[in-house]
Amino acid sequence: MSFVPGQENAGSRSSSGNRAGNGILKKTTWADQTERGNRGRRNHPKQTATTQPNAGSVVPHYSWFSGITQFQKGKEFQFAQGQGVPIASGIPASEQKGYWYRHNRRSFKTPDGQHKQLLPRWYFYYLGTGPHAGAEYGDDIEGVVWVASQQADTKTTADVVERDPSSHEAIPTRFAPGTVLPQGFYVEGSGRSAPASRSGSRSQSRGPNNRARSSSNQRQPASAVKPDMAEEIAALVLAKLGKDAGQPKQVTKQSAKEVRQKILTKPRQKRTPNKQCPVQQCFGKRGPNQNFGGSEMLKLGTSDPQFPILAELAPTPSAFFFGSKLELVKKNSGGADEPTKDVYELQYSGAIRFDSTLPGFETIMKVLTENLNAYQDQAGSVDLVSPKPPRRGRRQAQEKKDEVDNVSVAKPKSLVQRNVSRELTPEDRSLLAQILDDGVVPDGLEDDSNV
């Protein structure tokens, strides 16, 4: 009597047509349907455990269980004594013996052109089956780790049939309680085979006609995700992160300008202000109709650390439409030289209600107090976002410079001359007449009142 994993009290149900003369299952590739897809094509030599290339993607035999993948380099794959045999219903403890076989996976090309080898994946085979069916328990074989339960007799082979993929799906790998998984490894795809198994059982219960249609629907296109593809994508992402993670992203004037232009091209109600495009550039200056935002929040926009707690108060789209008073108003279009277009405003008014039981209530009140009508406190100060002066062309700037060079600049007036409008008194005129040799007061010093 041979045992079948996953079936209670199962007899020998193995398919003799899938066995070679030495009792080993036929070699195949990852997908169960590869052999059917290659019908009519040129036959290639089958790979064995000894001829499998180091970078190959071929799994020589079908394991009853999903694999265990290594994700950290330099880690050793080993289990404590009495541990490491996957558990499956229908297999007694005396037959829980076998080995883990290391499968070397293919390499991939990184963005910088280098080839990187994927870390290996391990598969379990019962003693007397798999790529080393003729080996005895404990033989020193490269890429093989022997495991057995305490009750198993390792001197005899396990009375377990080999898996026929047309009849049995792979079982997600599970271990007995207390088993310690080797560090740097994880169990691969615990639910990868379950959907196919359930759909197959449903198709069998529907009858022969539906069964044929169901099998045709399960055919995978050429672009379907392969088991190794997830690891390749993850490795590419990690390689990219490892290359750029230590380099802080620098914001240049050009990049800031691009971000600002991208934001301003959006409709006004879809803009999100930040450091590159402040609040007043997105929504205009603060005033009675737009009265929220202190100096710091106007500069940082949504990047302000206080903004997320305010965002919790923002209404949802449904609350906006169903909890507000809405009014559709038609506005005048642009000037006479602009094309005619209909412009509308959806004007709204509503309220956001909250009480002191709201988490972060005190912080919310503090932030609201600091930012509501903050423009009134800054009315006498310079605008936070002052418009930049228009750039002068090179020729215009040179002409301006020449004008300045050709003008004789008078000395600045003294404080007395700037602040006091003086009138000459008779005493002043007499004093000046004594100073001047000719005794005549210059016209420039005559009393303004006589002009």
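Cβ atoms here come from the backbone N, Cα and C positions, even for glycine.
Swiss-Prot lists 1-57 (among others) with the feature region 'Disordered'.
Feature annotation from Swiss-Prot assigns domain 'CoV N NTD' to 60-189; the stated evidence is sequence analysis. The average pLDDT for the domain 'CoV N NTD' (60-189) in the predicted structure is 86.
What Swiss-Prot lists as RNA binding site is Arg105, Arg121, Arg163, and the listing cites similarity to another entry. Secondary structure from DSSP puts Arg105 (RNA binding site) in coil. Using a 10 Å Cβ-Cβ cutoff, Arg105 (RNA binding site) registers 22 neighbours.
Per Swiss-Prot, region 'Disordered' is recorded for 155-227 (among others).
Counted within 10 Å of its Cβ, the other Cβ atoms near Ser166 (phosphoserine) come to 11, all protein chains included. According to its DSSP assignment, Ser166 (phosphoserine) is coil. Marked as phosphoserine by Swiss-Prot on the basis of sequence analysis: Ser166 (among others).
Here Swiss-Prot flags Ser190 (among others) as phosphoserine, drawing on sequence analysis.
The domain 'CoV N CTD' annotation in Swiss-Prot covers 256-379.
According to DSSP, the secondary structure content of the region 'Dimerization' (263-380) in residues is 46 helix, 16 strand, 56 coil. Under the heading region 'Dimerization', Swiss-Prot lists 263-380, citing sequence analysis as support.
The region 'Disordered' feature in Swiss-Prot is assigned to 266-288 (among others).
For 379-423 (among others), the entry in Swiss-Prot reads region 'Disordered'.
Annotation source Swiss-Prot lists phosphoserine at Ser386 (among others), citing sequence analysis.
Residues annotated as phosphoserine in Swiss-Prot: Ser421 (among others).
Cβ neighbours of Arg121 (RNA binding site) (same chain, under 8 Å, six or more residues apart in sequence): Gly67, Ile68, Thr69, Gln70, Arg102, His103, Arg105, Glu188.
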